[in-house]
Every structure is written in C-alpha cells, then in structure tokens.
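Please read the structure below before turning to the comments.
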Amino acid sequence: MALRDLALALLLIGGMPLAFRRPFIGALVFVWLGMMNIHRYTWGFAGEISWSKLYAGVTLLGLLASKEGEWRDSVRQYWIILVFLAWATVTTAFALEPARAFNKYADVVKIQAMCLVTLALLTSRARIIALIMVMSLSVAFFGTKGGIFTIAHGGEYKVYGPLESAIQDNNHLATGLVMTLPLLYWLSTVVKPWWLKAAFLGSMFLCAVSVFGSHSRGSFLAIGAMAAFFLLKSDRKLLAIPLIVAGVVTAVLVMPEKYWNRMETIQTYEQDESAMSRINTWTTAYRVAKDRITGGGFEYYSFRSSARYSPTPDAVHSAHSIYFQNLGEHGWPGLLLFLAFWLTVWWQCARTRKALPPGPAHDSMRLLLRMIQVSLIAYAVGGAFLNIGYWDFAYYLAIIVFAARRLGTVDASARLPQPAPGQQVRPSVAFGNVRLH
C-alpha cells in the first residue's frame, strides 16, 4: 500500500462528514477532484475509487438534510441546460453507439447536476471567491508546473494535463489554461497581501508559457484572441500590457524553431494532415445531423458511422470542435440549445455588469464579469478545434455569472430600503449595499 494512497484516502474519507454537514464544502471537493484528478496520481487502491461520485452523493444527502440552497432561482436560470439534458436523453435513446452513449450521458448528467447544486449553494460573495480559487488553482497547478518545465527544456517537449481527465490532452490543457488566465488576474486584484498578488501574477505568467509549451495551434489562436480582449476589458492596462509583452517575449526566447514552423501551418491548413482530418470530421458531423434529427448520440464516432457518413470512411476521429461535437451528437436542436445557453451567459454578464451602480464598491464585481467574458472568448475560439463541449470548468463560469446576478445586482438592489437620514450603510466589496453572508 503506497503512502500517498493512504494519505489521500484518509483525507477524502475524513472530509466526508464535513461535506455532509456543510454541503458547499462537498461541492468544492467535487470541483477539485474533477479539475485536478488528484487520485490518478496514486498507484494503488485510491486511484481506483470514484471519489467524485462519493462526494456527489454525500453532498446531495447533506442538502436533503439541511434544505440549504436557492433552488427555485437556480432552476429558473439553468433551464436551458435542463432542456438540453432532456433532449440528450432522447438522442441517447436513439444513439448510433448505445453503450458508449449511455456512459457519456451518465457522466454529463452527473456534472450538470452538480453544477446546478453548486449554483444553488452560491449564496455569498465569499463562496463565489472560494469556487473561483478552487477551479482556477486546480488548473493553474498544471500550468505553473508546465511553464517551469517549458522554460527548463527550451520548449522542446509538450506539456500535458492530469491523467484520465478532460484536459489530459495537450491541446485541451492549453485551452483550459487560456481560460484560467483572466481568473488568476482577477484573483490578484482581490487579495491584499503583496506576496499573494505576486503569486497569482507569477502563476499567470507561467501558465501562459505553458500554453506555448503545449505546441497547440488552437490554443495559439485562443491566447491571441484572449490577450486582445483582455487588454480591452482590463481595468489596469498599465499592468496588462507588460504581462502580455512578457509572455510574448518569453515565448520568442524559449520556444524552438520547430514550434514556430508548426504555428505557420495555420495559414497552410490545406497541406496539413491534422487540419484536414478536422475538416473531414466536421463534414461527418454535418452529414449525421442532416440525416438524423437526433444526431448520432454521445460518442457516435466509430468505423460504422464513418463508413456511412465520413468523407474518409477508413478513419475515425472525434469532432474536434465544441460546435460540431454538439451538432453531430445531438443534431441541430442540440447545437441550438448549446449556442443559446452560452449566448445567454454572455448576455447575463453584460446585463449584470451594466446594472451595477457606478462607484468603487462595485468595481470588483464588474471586473470579475469582464474577466469571465474574456475566458468565454478563449472557450469560443479554442473550443472551435477541441472536444470540450461538456467540460465542467466552462459551466462553473456560467453558474458564477448566474449567482452574481442573483446575489444583489439587478433585482436585489432595486428592493433595498433607503437609509434613514444620517444612517451610514457600509457597502460590501462587490455588491454595494447588499450584505452577503
């Protein structure tokens, strides 16, 4: 029995009573396990236990016992995903590969159920910060480590993510890191100790280096789009510009010639086998959706489906795009629901930010919503070339937006009583006069 197996098992088992008594703690542990897959870094019994399912169960039991959470509002804001899951139930019933489709369906339902649970439990600003810290630092751990690795080896080797996770692939990790960069920047603005600010900014720099170290062309486009939008949305452009320049200069100095040669193939994709395989899989997804209103169901990729729909029947590839992934797996209705959800998230970001009264008391919240929009740009651009349509990190961003709206911007601020003459009202940092506990 390895010591790390025993240590991790004792830690996670010991935390279950706390997760039962305080369900939000259980939700955070679920997020941590999903983002880091820490149990996969053991080599014994601890790596074979489905800890995330155990914590999901304990958290749900704790919720039933405590009756905690803002459920009515959460269901109302998350209704598009609930409709999407209902449609996914239909597409799974008619899937081209039923066994694989059901397994993926179960995973997606579990993730979305816990996203809804977490949304219901986001009842204070402190909880929003806690969620952002857990999800960001879990991904940034691999980016920080990967950035050091990239600098130490001159960018010769690719950086990969946690084992058996949604971001194990170098391309997936890189896009995940690009999405994390704006959140690290926001965290650096809300902490007070100078060394914590420096730690977040240092991690941000190393994560950016790690993106280049992944040798991913999709993330190269994503970080370019993110950097431009980050500069536009940042509240401290005198800090943002040096950060971007430092990342670019480091990439130029560290990355080898073969990296830049690979990036140049973006302009000559017709001559690149990998790029053409993506176009073939996108064509396959379109043909599946055209032939079947329910699409092919989750994980329909097989020689059988390729023989029927692919321009290259002898090759099997996944969709390599969040858009064509949803189109091929769930047909046009699934793609429309997917797009409607993310457009709603973007709209809620803008609406909530504009509804905030002017003044420094609301600056933190405004900046967070802007940084989430920057992350969504990275998801939209990087995800165009990757199968991360169901990655929970993106959906945690969505529920943070929904929770922020609920916690005291549009509706709650309108219901606030006006203070009596001479009465002082102490504002909270992010939500003005709305006191969050």
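Just so you know, glycine gets a Cβ as well, placed from its N, Cα and C.
Keep in mind that TrEMBL annotations are predicted by a computer and have not been checked by a curator.
Sequence annotations record features per position, and here TrEMBL assigns domain 'DUF5935' to 3-188. Taken from TrEMBL, the feature transmembrane segment applies to 45-66, 78-96, 129-151, 171-187, 218-233, 238-255, 330-347, 367-387. Marked as domain 'O-antigen ligase-related' by TrEMBL: 203-339.
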(request) Look at every Cβ pair spanning the transmembrane segment (171-187) and the transmembrane segment (367-387), keep those 6 or more apart in sequence, and say whether at least 3 of them are under 8 Å. (result) yes
(request) Go through the chain and flag residues at least 6 beyond the ends of the transmembrane segment (330-347) whose CB is under 8 A from any CB in it; none is fine as an answer. (result) 80-81, 83-84, 87-88, 91, 288-289, 292-295, 297, 322-323, 373, 376, 380, 389, 397-398, 401-402
(message) I'd like to know the mean pLDDT over the domain 'DUF5935' (3-188).
(response) 91
(request) Summarise the domain 'O-antigen ligase-related' (203-339) by DSSP state, stating how many residues are helix, strand and coil. (result) 101 helix, 0 strand, 36 coil
